[in-house]
Amino acid sequence: MKKEILIAQVILDHYHAKLDHLFDYLIPEYMQTLIQPGMRVTVPFGRNNRLTEAFVMTIKYRQKVDQPLKELAHISDDAYAMTATQIELVQWMKKSYLCRYIEGIRCFVPNNRTGKKRVLWVHCQLESDELAEQQMKMKRAPMQQKILEVLHDIRHAPLASLLKMTGASNGAVKALAAKGLITISEEIVRRNPFKDLLTTPYPEPILTDYQERAMLLIRGHWEKKPDTPVLLHGITGSGKTEIYLQLIKSTLEQQRDSILLVPEIALTPQMVQRFRGRFGDQVAVLHSHLSEGEKLDEWGRIHRGEAKIVIGPRSAIFAPCQNLGIIIIDEEHEHTYKSEQAPRYHATEIARQRCRLEKAQLLLGSATPSLESYHEAEHQKLLLVELKERAAGGCLPQVEVVDLRREAREGNRTLFSRSLIAALEHCLGKKHQAILLLNRRAFATLVMCPRCGYVAKCSQCDISMKWHRKEQVLKCHYCGQKESVPENCPECGELVSFQGAGTQKVEEGLQSLFPHHVVARMDQDVTRQKGSHQAILERFEAKKIDLLVGTQMIAKGLDFPNVTVVGILLADTSLNLPDFRAAEKTFQLMTQVAGRAGRGTQEGKVILQTFQPDHYAVHLSAIQDYHRFYHEEIQIRQRFLYPPFSRLIQVTFWSESEEAVAKAAYHSAAAIRFLLEKSGYGEHLEEVMEPGPALIAKIENRYRYTLLMKSVQIPYHIMRKTVKYLLMEGRDRYISPMVTVTIDPDPRFVG
DNA sequence: AGCACGCCGACT
DNA sequence: GTCGGCGTGCTC
């Protein structure tokens with residue numbers, strides 16, 4: 001019988017379209033018992049046989065090979081191999097997100113270039129007292145003597161601190177080691193991302209009846225249908241976190257791992273604090289703000305099973321748990337779960353795949369579930385569990401809608417309505433705190449001509465410039481370009497005026513209204529430095545701040561019982577964005593911010609200011625009626641065939657040349673239609689929309705065109721395949737090489 | 001990506 | 001005559 005040949009199919013650790021396929025290598029005899037799919041290897045590559053890192057995807061057997069193959073050079077000795085399910089997920093990601101193999105692999109595999117952190121310890125070798133005394137009396141160099149004396153008392157110390165204590169140099173220690181009087185050992189220490197985190201025990205509370213019932217429902221459901229996910233719809237303050245803690249506790253009891261996703265890094269510390277308070281060092285955290293070393297250490301702890309609970313933002317969905325029991329996604333509706341870079345995955349989708357492959361359970365939690373999820377629950381694809389009462393016993397805050405049109409008619413053109421001022425005065429009088437939301441991104445300080453309507457725009461990005469008062473400049477928030485402020489309108493010469501208000505202006509306005517109280521601001525400008533976000537929250541919690549003004553980032557997760565008033569300065573901003581999810585986003589934001597009020601025993605009040613008090617997203621969020629909102633919105637989605645009644649693919653074309661992008665976009669659209677027609681979908685070509693300039697038509701001097709496809713009758717995978725063909729094999733025929741193309745399957749922002 | 005091959009201009 | 005510019009093409 002002929003001997004079989006073992007071949008490893010590998011993906012090179014290089015980011016290039018031409019290398020995005022499997023390469024075959026012979027597995028040398030001695031490796032055959034060691035090699036496993038998922039391992040990291042080194043292979044000779046190219047004419048020069050340059051050694052290159054690669055990942056083994058599959059191992060195949062052949063009787064003969066048609067072309068001479070090279071052999072694997074060696075197996076990397078790290079323990080960070082991908083598991084079989086991870087390999088399967090990489091393949092699935094490539095297909096679903098049209099990304100490259102290596103982009104998928106890099107989600108799972110840590111950057112190995114950073115070594116481990118080592119600490120040298122010095123140990124005293126003088127054991128018995130007699131010998132020690134004898135040795136001590138010997139004549140010795142003064143420094144070495146001093147080291148011995150110090151070390152004799154404390155027995156051992158880290159080298160660095162020993163040198164500091166004695167003032168000795170490394171040479172003195174080395175000399176003693178050479179004489180055998182001391183030894184030096186190496187300890188690999190874990191870089192601890194929790195060193196600044198104060199952990200206090202977080203005891204188990206008694207569950208409310210609603211929480212108890214929810215737990216029973218969830219457990220009972222998973223006993224019967226372990227592979228159907230659960231959607232936990234709980235109003236703000238209903239104690240969803242406690243449900244997460246309980247579910248993770250039972251997972252832990254079964255010796256299985258848990259992953260808890262939170263919408264953003266800024267929210268991890270407070271979640272981690274609670275979980276570490278309950279579960280201690282079994283909790284690991286994974287996110288991009290950790291240093292490379294910290295990341296690697298946490299990764300290793302999870303991989304080895306030392307940490308069984310992982311908390312983090314979307315990328316934590318790739319945590320190397322070996323025995324996954326549950327994945328929980330908090331605030332499931334948040335758009336931050338969608339990656340905006342390749343691979344453009346959605347964490348919930350990855351979670352579903354992982355749960356399917358690893359036989360784990362999936363729980364989605366939200367106060368305002370995404371339309372897609374709730375629609376699935378309505379069709380029994382998810383089990384809906386509701387928490388309708390606040391855990392602390394308080395009721396939902398009362399929301400007062402203030403009509404800004406009327407306010408203006410009656411002479412108040414500021415962003416502080418009379419109702420809001422009255423509410424704040426009342427609140428501060430009782431020594432309570434208040435939160436004010438202003439979504440600056442959509443409604444910021446801009447320079448405008450009151451006569452001709454001219455607005456200062458960035459010459460590179462087609463975006464209105466934002467006025468920064470402190471620096472006295474205009475800044476573009478997309479490319480960062482600065483310009484001086486014109487005094488007169490460049491179009492008609494009229495004196496310009498400053499329109500709108502940013503958080504900064506609100507902060508100042510508030511301070512002058514309440515000069516004896518402390519006003520603080522939290523937005524991207526203030527929280528850019530690491531840790532400042534946390535610092536502001538700590539000051540707020542310690543009641544050193546009375547009024548907190550901020551952007552969206554103050555809407556999420558904050559749980560301060562002393563906050564009794566929440567002001568939404570302008571609800572309309574997100575409503576007017578040209579995006580089919582604008583109403584949903586507005587509803588979610590309003591509900592969430594409102595939920596910050598009255599979380600303690602005192603009643604909360606919300607002032608919602610708007611120019612459109614009759615819009616359903618505004619008044620339904622004011623009465624906090626999710627179900628009615630869902631039914632209004634789902635009808636609109638159905639009528640216009642938006643998700644969940646369709647799936648979208650958005651292709652964006654970028655180029656310095658406007659002519660080239662436009663051409664590429666129109667040619668691509670035509671090509672896609674042609675290809676679809678050839679595949680027999682000629683009846684439904686209207687599902688490929690007309691391409692056009694993107695909502696932000698120019699960023700950093702690059703023009704953008706978008707092409708949207710709405711899959712209703714044409715199956716999604718056919719559309720995906722067609723787009724993929726266009727960009728791979730057909731690319732040269734339809735798209736100029738000057739144009740960059742990005743494909744976004746299931747985009748979160750359309751435009 | 002990285003590297004060799006290849007085909008044209010200015011130099012000891 | 002050669003040195004070197006970076007356009008083109010290939011890598012199991």
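The backbone N, Cα and C atoms fix where each Cβ goes, glycine too.
As annotated by TrEMBL, domain 'Helicase ATP-binding' applies to A:221-387. Summarising the annotation, TrEMBL assigns Zn(2+) 1 binding site to A:CYS449, A:CYS452, A:CYS489, A:CYS492. The feature Zn(2+) 2 binding site is assigned by TrEMBL to A:CYS458, A:CYS461, A:CYS476, A:CYS479. Residues or ranges marked as domain 'Helicase C-terminal' in TrEMBL: A:484-642.
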Worksheet, complete the sentence: Here the Cα-Cα span from A:CYS492 (Zn(2+) 1 binding site) to A:CYS458 (Zn(2+) 2 binding site), rounded to a whole number of angstrom, reaches 19
Response to the item:
Students should find that the Cβ of A:CYS449 (Zn(2+) 1 binding site) has, within 10 Å, a number of other Cβ atoms equal to 21
Discussion item. Quick check for the class: what is the C-alpha distance, in angstrom and rounded, between A:CYS489 (Zn(2+) 1 binding site) and A:CYS458 (Zn(2+) 2 binding site)?
Written reply: 15
Response to the item:
Expressed in Å to no decimal places, the gap between the Cα atoms of A:CYS449 (Zn(2+) 1 binding site) and A:CYS458 (Zn(2+) 2 binding site) is 16
Practice prompt. Run through the Cβ atoms and count how many others sit within 10 Å of the one on A:CYS476 (Zn(2+) 2 binding site).
Written response: 22
Worksheet entry | the domain 'Helicase ATP-binding' (A:221-387) [mean pLDDT, rounded to integer] | 95
